[in-house]
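Structure record follows, encoded as structure tokens.
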């Protein structure tokens, strides 16, 4: 068995020799490395913790509700709206800082290099120009990579991590202030360093961090700065603000508030309502107009004109006045757009496949090595990218005659060109007077300027240049995404796709004779096709692109192209963000399960090996349970016995638990008496028996299936009260799986808080003497609750008793063992649950379900077992 545990059985992952896997908990499966594909088996996986999106309605929370009236409710709602507005404004200011810094560094770099190239073209010292460009790029990339060493979670775009967070997975450090600082400064250095990355993706992460941290008014990174702000101290509230912040990030990046709202809905949040929709849209609007206000004032000096809605502006698409037959697009063009969507889906699937292999190589060979290796890899990517850009511009670029269109652009494009200096958009590197280098015009401009060139400058790029640019950019962008620098993928994908679309337009014009088609439209459709093939978003991306173009007539072709690209790409692999989520082993829950999973029931996927606590438990037992398990919640149970009165006489602790059990049993007669209706027709002895007797008698048990039986045996009751009577190998199956009446759930964080604050009572006293904590005191340490291993045991009396009933959740969501998996999945995902108890018909807990039991890989394993038992 040891051999099976230490290695992975590749030929028969679920065969008899690996039978031990079937008894492992979902946490063990995650730690030991179960993956969906055999080729991914060597990749490490991590036991991610879930977030508490379900509200715990315990006694402290009920006390808060009792003090709540309409006035306080309106005040709470008003504070939430103000916080949402502040999140939008702060996200817009973050975008303004990133954009201003990138422009400053990029203009400085290109200005120095362009002057050097112009001088060295005649003197023959181009190697010096290359060294200057390398000096700038390597310095910026080195700084970006160093920031990732400080906070590794700042690497990449952050969209996969935020998607996981909104799905209910706690990714360590993802919404910390230090992460925000490293992400913001890192992305401006990586973009300024000439890497083929974008700043729009990290803006989504930055907005999410602002949304998570601003309502707390405190930070782990700045522990001394604390405010007594009593609101929003739960994962449930933080999730809503993170959704708003992520949407604000999209809105600030693209000037698309509606698209940002739909992005947060489509890619992130598992729970949504009308009130949250309004707040998210308001937050997105606040971010968009904050950024627009300051950018318009800084760049044009016209404060309040609102001319630049986002970091990326596509400009207005408009045919030239001289071409009367030109149309933005016609019905005949839809056929070409569908074909481009298919090609974009294939290219996106290829991009994702190559990037996945690179990511797996990094996880095997780069990440296990010293952190300096990651910095060296980033510098290597920067070195190769810089050399390729410089050499391609010098060798592969064509010198083309500068036309009036190239010099000034059309009227719709004039505003954008003027804001960035007309002379900087057309590069004459290595070309004589009155000509320009088309390859250098794409490579030696910012990515946003290059996209605008492809969208609006007609006839400025040859097909050979576009093809070479696409190939080089495709390969280098694929290599760059995943390195240890903050990096986005939206703009590189748009630029790569725009080059592909312009290439298609040039071919149709030159070889098919469609001289009146608008090249900018094909560039936009190509950008949408490639981006859709990479990220596989449809609804939100359609709206984002429409808002960015400010042209509603593009709605149909963009939507058709994105749908075709997604369907084509899905035939081969998942979107790039889902690929990276899968490689990291995050237990992400999709929108729904496969149809065949309905063959399984809750009893097939639940974990029957339970670690539980009693309503009244000694501190010694609680500490033992907390220190020997990694579970984050424990069922609160009492044992189901018929001879309970025998044990109530000699043990006060057992007596307290049995009394709680009897008081918690609700009967129809007891409820009727509570409501004050007349019960005089019932004899008092009969009424007493009805109120106190057990809910139902148990049927004879079958020997074949002990896991689903709840039998009564003559064993010692409540063994978990005494650590020396904890489950042992000598116990029978009946003793291990004894019948347990379910009363509620208590979280690990709640138990540790009770121990830290000394909430307990002596056995000689009544449980009413136990100190009580308020809701504010229970949530004071949120989100960093104390750890049980940091607890000083010398300060605790192990014989003291803790009454957990006031602090447990007495009414969590539960399911029957016969509930189909699709119903379990929908309940778990839509309600944002962390634990789902499985309770039988007589109120006894028989198992518990976590998100690890609902992952696709776990369900596939259980489905294979189901087929084997048929």
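Including glycine, each Cβ sits where the backbone N, Cα and C put it.
From the candidate list 129, 145, 157, the residue Swiss-Prot records in the chloride site shared with 490, 577 is 157. Among the candidates 433, 853, the residue that Swiss-Prot annotates as N-linked glycosylation site is 433. Within the list 410, 609, the entry that Swiss-Prot describes as N-linked glycosylation site is 410. When you go through 243, 382, 749, 774 in Swiss-Prot, the residue listed as phosphoserine is 774. Checked against Swiss-Prot, the residues 137, 423 yield a single entry marked N-linked glycosylation site: 423. Per Swiss-Prot, the stretch carrying the note transmembrane segment among 176-194, 309-327, 442-460, 613-631 is 176-194. Segment annotation: Swiss-Prot labels transmembrane segment over residues 128-150 (candidates 36-58, 128-150, 634-656). For residue 577 (chloride binding site), the nearest neighbour among the recorded positions 267, 850, 852, 853, judged by Cα separation, is 267. Put simply, residue 633 (ATP binding site) is 40 Å from residue 490 (chloride binding site) when counted between their Cα atoms. Look at the binding-site residues 631, 632, 851, 852 and count other Cβ atoms within 10 Å of each Cβ; 632 has the fewest. In this structure, the CA atom of residue 631 (ATP binding site) is 29 Å away from the CA atom of residue 267 (site 'Mediates proton transfer from the protein to the inner aqueous phase'). Classification of residue 853 (ATP binding site) by DSSP places it within a helix. Sequence-distant neighbours of the transmembrane segment (463-482) (same chain, 6+ residues past either end, Cβ-Cβ under 8 Å): 156, 195-197, 347, 351, 354-355, 358-359, 362, 381, 384-385, 388, 392, 396-398, 438-439, 442-443, 489, 492-493, 495-496, 499-500, 502-503, 506-507, 510, 576, 580. Spanning the residues 631, 632, 633, 850, 851, 852, 853 that the record associates with binding ATP, the maximal Cα-Cα distance equals 15 Å. Residues 157, 490, 577, recorded as binding chloride, reach a greatest CA to CA spacing of 12 Å. Residue counts for the motif 'Selectivity filter part_2' (198-202) by DSSP state, with H, G and I taken as helix and E and B as strand, are 3 helix, 1 strand, 1 coil.
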